[in-house]
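> Feature annotation from TrEMBL assigns [4Fe-4S] cluster binding site to CYS32, CYS36, CYS39. The domain 'Radical SAM core' annotation in TrEMBL covers 18-234.
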Amino acid sequence: MKDQQSQPRDLDGNPVTPGLPMAMLAEVTHRCPLACPYCSNPVELTRANAELTADDWGRVFRQAADLGVLQVHISGGEPGARRDLAQIVARARDAGLYVNLITSGIGITRERLEELDRAGVDHVQLSLQGIRPDMADRISGHPGSWDKKMGFAEWVRDIGFPLTINAVVHRQNLERLPDMIALAETLGARRIEVATVQFHGWADLNRKALMPTREQAAFARAVVNDARIRLRGRMVIDYVPADHHAVFPKACMGGWGSTGLNVAPDGTVLPCHAAQTIAWMRFENVRDRDLGEIWRDSDSFNAFRGTAWMPEPCQSCDRKTVDFGGCRCQAMALAGDARATDPVCSLSPLHAQVVARAESDAGADTADLIYRRMRKGD
Ligand code: SF4
Ligand code: FES
C-alpha cells in the first residue's frame with residue numbers, strides 16, 4: 001500500500017486547511033431497476049442488508065449540516081428502491097438541508113412523489129438515457145423506461161418541483177444532443193446537465209461501444225455553446241465534456257476534498273463517486289467516525305489536497321490551481337497511478353498513448369453493451 005498524505009501542504013511546505021463542503025451526495029442504495037452500461041456506481045455493489053437505515057442517515061445529515069453542507073443530493077442506484085425514502089428525505093429536511101432527489105423516475109408512483117413532496121424534497125433531477133423510446137430503453141436495459149420517465153416528468157411539473165434533466169451522452173446518442181436540449185425545454189427544466197460518459201467503473205467495460213469520436217466532441221461543444229447563448233436566463237446548461245479529446249483535463253470535483261463528498265449506501269465516505277477504484281486508498285465510515293472528522297482529518301480526503309502531492313509537469317504548470325492536475329480516478333484508470341498527471345492532459349507524457357487508444361475505441365465497429373446488473377440476492 002502506498003503512503004497517503006496525512007497533512008496536506010502546498011509546494012512551499014505550508015500546511016493547507018481544507019475548505020467547507022457545500023454539497024453531499026447521499027447514495028442511499030445501489031439497487032436500481034435500470035442497468036445503464038456507464039453507471040457511476042462501483043463494479044462491486046453494496047447489498048441491501050448492508051445499507052444505512054433512515055435513522056443512520058438522519059445522524060449523517062445532522063453531522064453534514066454541522067460541517068457546513070447546505071444541500072444533499074439523494075441518489076443511488078435508484079433511491080426509489082428504498083421503501084423508507086420519505087423518512088430519509090424527512091430527516092434531511094429536519095437537518096435543514098436543501099434536498100435534491102436524483103432519480104431515474106422508474107418505480108416512484110405519483111402518490112409516492114406527492115409523499116416525497118410533503119417529506120421535504122425541494123428539487124428533482126431526472127435522468128434520460130435517450131431521446132426516443134428505442135434508444136432510452138436499449139441504453140437503460142429497461143423496456144418501457146421512456147414512457148415511465150415521460151409520465152414521471154409530467155407529475156414533477158404538476159406538483160411544481162423545479163426540474164433538472166441529466167442527459168448522459170456518448171457515441172450512440174451524441175448526434176441527438178440538440179433534441180435532448182429541446183426536450184428539456186419542453187419538460188420545463190430549469191437546468192440540463194449534459195454529461196459525457198466518464199470511463200471508469202462500468203463505463204470502462206464499454207469503451208469500444210460508447211467512446212465519442214473527436215468530431216462528436218467538437219459537435220457537442222458547439223451545440224452547448226450555442227444553446228447557452230440562446231437559453232440564457234431560461235435554462236442553465238452544465239456540461240461535462242469528452243475530455244479524452246480535450247487539451248486540458250476537467251477540474252474533477254472542483255478539486256479533491258474541496259467542495260463535496262459522497263456517502264455510499266453502507267456509510268463509506270468517499271471524496272468522489274469513483275474513489276474506490278484507487279485500490280490502495282482506505283476509506284472511513286460514518287458508522288465509526290463523525291463525518292466532520294472524516295472530512296477534515298482522514299487520510300483519504302487529505303491525499304490530494306494542496307499542491308505538494310502533485311508530480312511534474314503539474315508542479316510547474318500555471319493551471320495547477322485551475323484543474324488541480326485533473327481527475328485522480330482517471331489517472332488511476334489510464335496511468336495505473338492516482339498520483340499521476342491526468343493522462344488526458346496534453347502535457348502528460350502518456351497523452352499521445354491515451355489519445356491513440358481513445359481514437360481506436362471511438363472507431364470500433366460495435367454497439368454491444370455490457371450492462372450493470374446486481375448479483376442474485378442483492
Ligand atoms: Fe493541469 Fe497538470 Fe496538465 Fe497543468 S500539467 S494542465 S496542472 S493536468
Ligand atoms: Fe474521482 Fe475524478 S472521479 S477524482
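The backbone N, Cα and C atoms fix where each Cβ goes, and this holds for glycine too.
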> When you average the Cβ positions of CYS32, CYS36, CYS39 for the [4Fe-4S] cluster site, which other residues in that chain have a Cβ within 8 Å of that mean position?
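Going along the sequence, the neighbours appear as LEU34, ALA35, TYR38, SER40, ASN41, GLY77, SER104, SER140, TRP202, ARG372.
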> Under a criterion of Cβ-Cβ distance under 8 Å and sequence separation of at least 6, what residues of the same chain contact CYS36 ([4Fe-4S] cluster binding site)?
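Those within reach of CYS36 ([4Fe-4S] cluster binding site), by Cβ under 8 Å and sequence separation of 6 or more, are GLN129, ILE139, SER140, GLY141, VAL168, TRP202, TYR371, ARG372.
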> Averaging the per-residue pLDDT over the domain 'Radical SAM core' (18-234), what integer do you get?
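Residues in the domain 'Radical SAM core' (18-234) carry a mean pLDDT of 95 in this prediction.
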> Near ligand 2, meaning Cβ under 6 Å from any of its atoms: which of the binding-site residues CYS32, CYS36, CYS39 fit that description?
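Going through CYS32, CYS36, CYS39 in sequence order, none turns out to be close to ligand 2.
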> Out of these binding-site residues, CYS32, CYS39, which one has the fewest other C-beta atoms within 10 Å of its own C-beta?
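Each of the binding-site residues CYS32, CYS39 was scored by Cβ atoms within 10 Å; lowest is CYS39.
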